[in-house]
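One structure is given below, encoded as structure tokens.
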């Protein structure tokens, strides 16, 4: 069975619903991992997306955050929120199990905190989130689960993932603390799918709305799909739907994807 998984920070589902529908009609992804919904569960457009064939689980929040899993396979064993976080009301983590051809997969959509400013309280909260996420992933990997996590990690892992690494070095999204936190996830055995299949390609997933960042390709690759090795063995290709950033009233993020 061939299928695509898409991960996308929509930066408001209500503002980007038509874009999401267009992506679905063009690419027919079997699983969609969304971040920054900026809506409550009651306001989520279930009817429209269910009509497109998706089972849906969301962790919503008014105005901020919000994550969702949309799947054309049944979703089971849903977990809302990341255990042990100091602010459990922030809608940043959702996990579910799907079964494809008798193989179970743990699917995660996560929205890692931005961090605001290196050294700030919000930055410390971001590092705390990474630690709790690492703890959860250690448990899943220890159980032998097939893990797929798609997230706005708010971290550019390497110099190639940043337009101007010398300028960004030590700053938010590219500080040594954030990059170490991300590297610890890879050290668990998870694979950065885009970089695994595109060793030397500089491709970004996020471009600031300000200062003509999109027009001049001044971006960062901060949205990632990480998978466990058995899952990686089934991947055919990976990529970024960068053209969506050029659409009218776009999200500042482009969807990233893997294909099996």
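Just so you know, glycine gets a Cβ as well, placed from its N, Cα and C.
Annotated in TrEMBL:
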- 111: active site (ACT_SITE)
- 253: active site, proton acceptor (ACT_SITE)
- 9, 36, 152, 154, 252, 253: Mg(2+) binding site (BINDING)
- 8-253: domain 'Endonuclease/exonuclease/phosphatase' (DOMAIN)
- 154: site 'Transition state stabilizer' (SITE)
- 223: site 'Important for catalytic activity' (SITE)
- 253: site 'Interaction with DNA substrate' (SITE)
In whole Å, how far does the CA atom of residue 152 (Mg(2+) binding site) lie from that of residue 111 (active site)?
5
Taking 36, 152, 223, 252 as the recorded positions to compare, which has the smallest set of other Cβ atoms within 10 Å?
252
Using a 10 Å cut-off on Cβ-Cβ distances across all protein chains shown, tell me which of the binding-site residues (9, 154) has the largest neighbour count.
9
Please report the Cα separation of residue 223 (site 'Important for catalytic activity') and residue 154 (Mg(2+) binding site) in Å, rounded to an integer.
7
For residue 253 (active site, proton acceptor), what is the secondary structure by DSSP, using just helix, strand and coil?
strand
